[in-house]
Structure formats: C-alpha cells, structure tokens
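Below: the structure, in structure tokens.
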Amino acid sequence: MAAVNGVDGATAKTLKMENTEKRDTLIEIEKRYQKKWREGKVFDSNAPSISEVPTGAMPPAELREKHPKYFCIFAYPYMNGTLHVGHSFTVSKVEFTAGFARMEGKRVLLPLGFHCTGMPIKACADKLTEDVRKFGQNFERYDESLGGTDQPVTAPAPTQAETKEDITKFTSKKGKAAAKSVKMKYQFQIMLALGIPKGEIHKFADANYWLQYFPPLAKKDLNNFGARIDWRRSVVTTDANPYYDAFVRWQMNRLYELQKIQYGIRYTIYSPKDGQPCMDHDRAEGEGVAPQDYTALKLKVKEWAPKAAEKVRGNLPDGANVYFVPATLRPETMYGQTCCFVGPKITYGVFKASDNEYYVVTKRAAWNMAFQGTFFKSDNFARDASELLPVLELTGTEVVGTLVDAPLSIHKQGVRILPMESVLPSKGTGVVTSVPSDSPDDYATVIDLAKKAEYYGIEKEWAQLEVSPIIQTPSYGNITAKFLVEKMKINSPKDAKQLAEAKDLAYKEGYYKGTMLIGDFKGESVESAKPKVKAALIKNGQAFEYAEPNGHVVSRSGDECVTAYLGQWFLNYGENDPEWRDTVLNHVKNDMETYSSETQNGFEKNLEWLNRWACARTYGLGSRLPWDPKFLVESLSDSTIYMAYYTIAHLLHGDIFGKTPGELDIQPRQMIDEVWDYIFCRRELSEELLKDCGIKKADLETMRREFEYWYPLDLSSSGKDLIPNHLTFFLYIHIALFPREFWPRSVRANGHLLLNGEKMSKSTGNFMTLNDAVEKYGADACRIGLADAGDGVEDANFEEAVANQIILRMYTLKEWCEEIINDKSLRTGEADELWDQLFDNEMNTLVHEARQHYEATDYKIALKSSLYDFTSARDFYREATAAASIPMHSSLIHKYITLQALLITPIAPHWADYIWTEVLQNTTPSTIQNALWPDVPTPNPSLTATREYVRATSSAITSAEAAQQKRKEKGKTISFDPKLPKKLTIFYAARFPAWQDAYLDIVRESFDGMSFDEKSLNTKVQAKGKAEMKRAMPFVQHLKKRLVGGESREVVFDRKLAFDEGEVLRKMVRGLRRTTGCKVIEVVKVEGDEGDKIGVVMVGEGEGGKRAELPSVAGQASPGSPNFHFENVEG
C-alpha cells in the first residue's frame, strides 16, 4: 500500500539538490566538530560549586555578578512527531543568543526537555489501537479505494445574522494548531507521513512507546543542527519520570495551599467523547477558542402557526409550555423586541427540559445545553448525541407566524416568529430575537420583510410593530439602528459588509456610552444595567445562562467539543485574584524585556482578558493531582516552571526517565515537598528536614546552589501563539511560587516560519523537517538561512534558494581562507597604506556593529554585519589594493580571517571552529565555542568618512560611464564614447560655497550633540524659499549624516572634511585608471568664488598649473562631493 501523503509527497514542492560536493565537504566538517564538542562536553555548564564558593559566603545576586551567567530556554517540544524547520526557527533565536552570551564570557545554560503530558499522545495511541483492530497489525486490510483523507471543512463567511463575540472580551487569534491544513482519516496514515516504517506503527498503540521513540530523534536532529544544549538536564514529563512527577506534585500542592488552585463550577470547553475538559493543547482544532456566555431567553408559545400546530398536536402534552430560546449578548435591549427570527431552511428540535417545559432550538444548541444542567446532571453527562433526541422536529418555515410572548418587550400581546435567511445553525441556538431599535441587522431585515411580506409568506403587520427607543446614545440618538442604516445608506439585509460595520458601531456606542430609557434600570448606564437586567430575567424564570464555544473546537480524539458547566479544579487567573494578576501585569510592564511592542501588547491584553483555567482532567498522560488523584494535571499547567527543574535535573537522574540516579544518587521518594521548598529558596534548612528526606546536607546545598545561581531565567524563546496560554501561565506561576529576584527577565516571541514564501503544509508538498533541512543543506547553511529569515513577531520566511547560495558562499570563503593564509606574496611590515587603514577601520566598525545587533537579538542585521558586510569589506580591500598594484597586508588578512570566524560563531559555529582550529591553527582556546568576543579599537570617524567618500566617488564615476554606454546602445546622443580612448577629469572644491553658510548655522542650532530638532530644522530650511530647496536639502542631509556618523561638531561646523580630499583622490587615481580604462586621469582643485573659479591641476599633465576655463560641472563640486567630466582623446 502506498503511503497517503507520505514523506516524499510532503516535500514535493521543495528545492531539489543536484551537485552536492561542496555541501558534503561542509557537512563532513560539521560532523567532525559536533563530535569534538560532544566529547569535550563543551556545552555542559555548572554553577560555581560550594567548594569554590561556600554556602552563605555571598548572596545569590553577588554570586551571579561575580560569575556572570546566562540561562535561556525555548519551549520544550511536544513528542508526538519529529521536529520541523518551524521548530528550528524558534530554537535558532535562543541558540544564537546562547552562542553570543558565551562570547561575552558568561557561563551559559541551554537545556531541553521533552513534553509528553496531555491528550495528544494518548489520543493518537488510542486511534492506532482502533486502526490495528480494524485493518490488522500492518494495516494490510486497508482498502485505499474507500478514500484516504478527510477534506478540510471551510467555514461559511460571516453574515449579518451571526452574533458577534462579546466586545468586552479579548479574543486571541488562531494559533499554529489551527493553521495546520493537512487532514488524514486514519492515524496510521499520519504516522506514515511522519516517516515511521509501516511495520513499526503498531507499536505506537502503546502511549509509552512515543516517549521512547521521539525524544532520541529530537536530540539527534538538534545535535546535527549544532545546538549548544546541555543534554544532562533533559527529562520527559509525566509520571514516566518519578523525579519530575514529584516536582509537579510539589508545584500543585503549593499552589493549592496558596489558594491559587480552587474548585468551582464554571464554563469550560469540554469533549463529550473524552468525558473531560479540552484545553488548548488537547485540541486538534480551535486553539484559543473559549466559552462565550449568553443569556438564553424563554419566548413562550402563545399560538402555533397552522403547520406547526398540526405537527405538535398529539406529540406534546396538552398545556405543555413550549419556548423558543434565542441566545443574546444584549439582554438590556430585550425591551425592544418586535419579533423573533428563525432560519426557514433550518430543522429545529423540540427538546424536553422538564416535565412540562420544552425548548425549540437547533440540535447543536441542545447538545451544548445538555452539558450545562439543562437535560443531564453533571454526574451523568451524555457521551453521544444519540442520548439526546428531540420529541419532534420542526422546520423554520413551519413555525413562521407562531405568536410568542417576549419577556420585557413593550409588545405585551406577543410577537411573531419571522423568517431570516441568514440565520446560521452553527451559531447560538438558531433562534434570533429581533430588536430593530438597536440592531442594524434587525432593522434592515424587518424593513425588508414589511416590503416583501407576500414574498416571505407573512402578514405585513407582523413586521411593522412599533420600534420604541430603548437606549440613548450621544452619537446616534435613541434609535441607533435606524440612524446608522440611513447614514451608511444600507438598502438591504444583503449589504453584509456595511451591516457588520454598523453592528460594531452600534454595539460599542450602546455599551460604553448608552443610557437606559426604559425598565427598572432607567437612567443607568448600559454597562451598569446589562448584568442587572440579565439577573432579573433569570430570577423571574424568563431566561437562563447559556454558553458555547466561540469557535469550532475538535479534540485530539476527533470529538467536536461543547461548553460544559461543571465542577473542576482551576487555576484562579484573572479578575478573581486581582492582586496576583496586577503583580504579573506590573512585572511585564516595568521589569521584563519583551523585545517588541507587539509581544508587550500581547501580554498586556491577554492578562486583561485571561480568566480561570481548568488545570485537571481525567484522560491522557501526566502527573496525578495530589489531593484528588482521579485527576491528571493538565498539559499547560504542568509546563509553567519546568525551567526551574532544569537547574537540578542532572543531579537527580542520569537519563530522561529517571531510571538511573544522577550525580548525587538521590532517590525519587526522597524528593518530598519540603526539599523542593528548600531548593527553590522558599525555606531554610533544618535538622527536621534532613531527617525527613535523608539527603545529605551538602547535596541539598549543591541543588540549591544550582537553582539560585542559574535563576532567574534570562530568556524564554517561544512562538507568538503561546502568549495567550503557556507564556502567560509561565509568568503567573513564577510570580506565585518564587521570590521576586527569581522572576523571569525576558521573553522573546517570534512569528511562524514560511517555507519559500508559503505556509508549510504536507498536503501541498511544501514541508520540511529539521532533519530534512540539515541533511539537504548542512547545519550552518540552515542556521544562516534561519538568521536571514527575520526576527520580528511577523511571519518569517526560510528561502531554500538562500540556503543553497550560502553553501557556495561558505565553501568559497573557506577555500579562500585556506589559500590566502599561506600566501607568501602578502606584504609585511607597517600596514600604512590608505587602503590598509580603511580596511582595518571598517573591520573595527563592523565588529562594534555586529555586537550591538547580537545584543539586541536582531540576528538578520547581525548576520549582515558579521558576514555579508564583512566579506564586502574584504572584497573592497582586495580590489583596491589590486587596482593600486600593491599586495594585501599579511597582518590585516590574518586579522580578517580571525574576526570573520569570531563574528559568525553564534550563527555558524562549525565553519567558524574549522577556520579557528585548522586554518588559523589556534589552540587557546581549543574550540572557538569558548572564545571571547573580539576587543578592537573604536572606529576612527575620519577613516570611516574617507571610505564612504571613496566608495561614493568610485560608484558615481563608474555609474556615469555605464549610463553613457546604455545611451549609446539605444541610439541616443552621448557626450563621449566609452569604448574609445577617453580622459577623466575629477574636480574637487577647495572651499564650501558661500550660500551654504546660512544652512550650516541652521543645522548647528538644531543639533544638541545627540539628535536633531527635526521640526525646527525643516521649518527654518523651508523659510529660505523653494528656489533654494533643491540644492539646500542635499547639503543639510549630508551634514546630518556626518554628525550622526560620529564626526566631531568642530570638524563638521568648522567647514573641514575629516580627511584630505586631494590626497585621497590622488591615491584613487591608479585604481580608477584600471576600473574605467581611461587613458588619462586628471585631478583638478577648484578655487575661487562663484563666477570667478579657476582650477589647479593636482594630478595629471601640467601638475601645479592653473586653468581659467572650466566646464560647468566643475562649479558644482563642493568639499566632500566632487564632480567629474569624461571626454574622448586621441588613441
């Protein structure tokens, strides 16, 4: 049987490699150095021991200052598959940071565990059990002709009938789980797509086999990637590791004691099939979806429509109370009900709610209600929809015209059920009450119904009940809907876009600025009245609470989820513990680095919105809740402070399962809660504790030393989709359990990774695992490609073409370094040529620039400075010296190779270590992984300005020559023929034009030594008149550039260049002769004032002589901005 969408199909659209000799050479080097690092335990990092610094010798903060450290992590991956390049993108951010921190002389810790808690693995294992039962151990009974995949379901476009989510609540965007597009019908097909051999797949029916299979693959892939990970500290979560299990139980016990975990009845997303809450990481679809609260109104039937009456007769008891049940977000507007809408094509059920009460809703809504105490008790929830059947079914068309009593409505005689084509069965109850005074949708619909009553099969007057003012608003008056519909020229219920906008405006205006005009709460603000109206309706038996997911949610077991109202253990996040929430919020705002405003805002919004979170469930893998062991700790609740566990993991166990003891030979049973308290600085040591746990005092002190040295966490790197859950929980729990000095210092969130400009998807063939990428391009090319992909929270792009080009670049650079280091033709002695000085200075500049970018974690720009610009600097030097017919200088070439290796070390360590060790023959340190960032002199602004001048002048001259050649090819008039013998005359000015003096004063007045008063500067320049602007603005910008570039105020404002322009041009002549092919080159200094200029020949025939007649271009030269003139001469 062929694999459905197997590995080959998943990568069908990716780049195909052909000639791989250069790549293979680089990969061979990478493997060699990975082995060297592994054998040398280069990335194993420890805190200063208690023998080096005895316990109590100094406070932890002083210890960290004396022995600088950097502790960083990325969110541990879930072990239900292999890592893909999207994982490596997040890994790369923290990995580059770790590499740079090592070069700053810090002890660096980058550990990694493997997350296995929760439903995904267990659900997949159970599916495989069923697949094996159905198709055989090797799926030999599977028939492909029956169909291999489920087609993705496309949600309908929003319409005006959709009930908008509550505007008062923050809603997170869909995360990466929701973005996955590939769907396969059977679990074994997914395993085949992961590259699992068919003969091994049946083993995964045992959930524990996943824990044994995937972690070693992740470790291998990351080692091949060159990750600087301390693998001694690895662990698998769940009770598969008894040490980690003890750690989680301690965490939950302490949170329970602090009343951060409580028990209560609340709404939660729930899987009927699984019989438990379904939280974010338990979902195949719908990450970020939360319960949406409604008020379910009871509109009692007073008189059935004829067709409905016939069907009801004999199926319901005489005198039964039947209610249409619309769900509303705006109970305060119910005074204005004039009718109630149903979808004419929707089939409704009549469901028995009690002995004499029946509800008319969609089957979907009834199924939600079934888990909220309406049809079943919480201790007897249904598992299958077949357990909830309607007494009878009615179509929307059949009930149109039914008269119902609408609670609170001013129309006491009742209102009619009317048709609305756009009512959706997938939102709310499928019954929509109409308030045309405040709902633009409803207003537009009742107007349309009244106009086309005959077409819709209704009585016109049913749609023409009085629309009475309910709410007064400052912007739209007291009939908001009518005002907006007329203002926005909405002509039909089909004007969906305008109606959606109007609805949003009406809702916000009414809620935040509206005042009640009717009812018991007349005169109160809507914001204040809304909960009171809802409470009164419920108290009077006219409504009840109702909730449903605010989006489509499917559990890992394939079950469509509902919202349940049930008793559960929850973490008391949010408004119910305002002190806790506000402490977290203040930490985010004032103390924690987030690297981007988007991440900062994401945390702040989420903290305002996030509420209680169910932290326990009954199905899946994990640790038991200590005080209620029938529950397991939920996967997002046992993964909040695992980074604290990393600090001591190697001391506790020698393998990820905790089967072999660690360095201290401690048993799991000894890790009682009080021991964790001591390790994490929550209590001090006592004789009683030593007796209770049986652990040696020195061993306890060693564990505490590891924690208090490595903590606080310096950086957590994660995808932005984890801000709404994991990352926010991570902050909450750290702040609840640890002293302030150990609270997290920074969080860096990145966007998702596109592959070749498109979303990664196995179904489209645009997919690549980390192993695929490293095998295809090598580790360093992948790492450079990931650095080049981008750094912000926007989605980044890994271009295979870039990775492929990098192979050639790095191979060629390696070859050049190997050859040039032994080149005996290089100059020795003093490196005093202009080109030597410029090259040396630019290298120093780029070293400082690269450091700034690495410190800011801007790796794309750091890569530019440390590789692309650095090699460009070498190229410029090589070309300039060749043009000047002088060899490059040996010491500068050695410096270049050394710096090139050091600067690229954080991003491409294999290549760098090869150059450091085998090309440069360095032995101290023995690996570049232990080398420090280079200490070079501060760049010389004068030399920087000289180099910019040389580049700009050379570029202008060669561009002008190329432009003439293009004109010639197009048959246009040319001033000289580039192909014939030619002469180049360069004119430079001895002094600045007098007109510039005024602008010099303006720039001086606007510059405070650090920055410019742009508003003042622009105003004063513009005041000189438009005629001057054309020449003035370039001059002003040039001055600004020089000042910002670091030149001193004295040099700039005293009308001095930072270099001798004539001398620089003299040294450029030989190179220009080579690049332009000119037979003659002259350099002429222009002296005198406007209208009376003369030239002095500085280079060329008649050197020192004067010229009275100059071409017009000569007068346009100014100091630092030369001009030039080409002309043909005799051969």
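Cβ atoms here come from the backbone N, Cα and C positions, even for glycine.
Where the annotation comes from TrEMBL, it is an automatic prediction and has not been curated.
Since the structure is predicted, the reported quantities are computational estimates derived from the model, not experimental observations.
TrEMBL lists 63-128 with the feature domain 'Aminoacyl-tRNA synthetase class Ia'. What TrEMBL records for 718-803 is domain 'Methionyl/Leucyl tRNA synthetase'. Annotated domain 'Methionyl/Valyl/Leucyl/Isoleucyl-tRNA synthetase anticodon-binding' per TrEMBL: 836-965, in sequence order. Residues or ranges marked as domain 'Leucine--tRNA ligase RagD-binding' by TrEMBL: 989-1043.
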Among the ranges 63-128, 718-803, 989-1043, the one whose Cβ pairs under 8 Å to the domain 'Methionyl/Valyl/Leucyl/Isoleucyl-tRNA synthetase anticodon-binding' (836-965) are most numerous: 63-128
Helix, strand and coil residues within the domain 'Methionyl/Valyl/Leucyl/Isoleucyl-tRNA synthetase anticodon-binding' (836-965) as assigned by DSSP: 99 helix, 1 strand, 30 coil
Tally of residues which DSSP labels helix, strand or coil - the domain 'Methionyl/Leucyl tRNA synthetase' (718-803): 44 helix, 17 strand, 25 coil
DSSP helix/strand/coil residue counts for the domain 'Leucine--tRNA ligase RagD-binding' (989-1043): 38 helix, 3 strand, 14 coil
Residues of the domain 'Aminoacyl-tRNA synthetase class Ia' (63-128) by DSSP state, where helix covers H, G and I: 33 helix, 14 strand, 19 coil
Average model confidence [pLDDT] within the domain 'Methionyl/Valyl/Leucyl/Isoleucyl-tRNA synthetase anticodon-binding' (836-965): 96
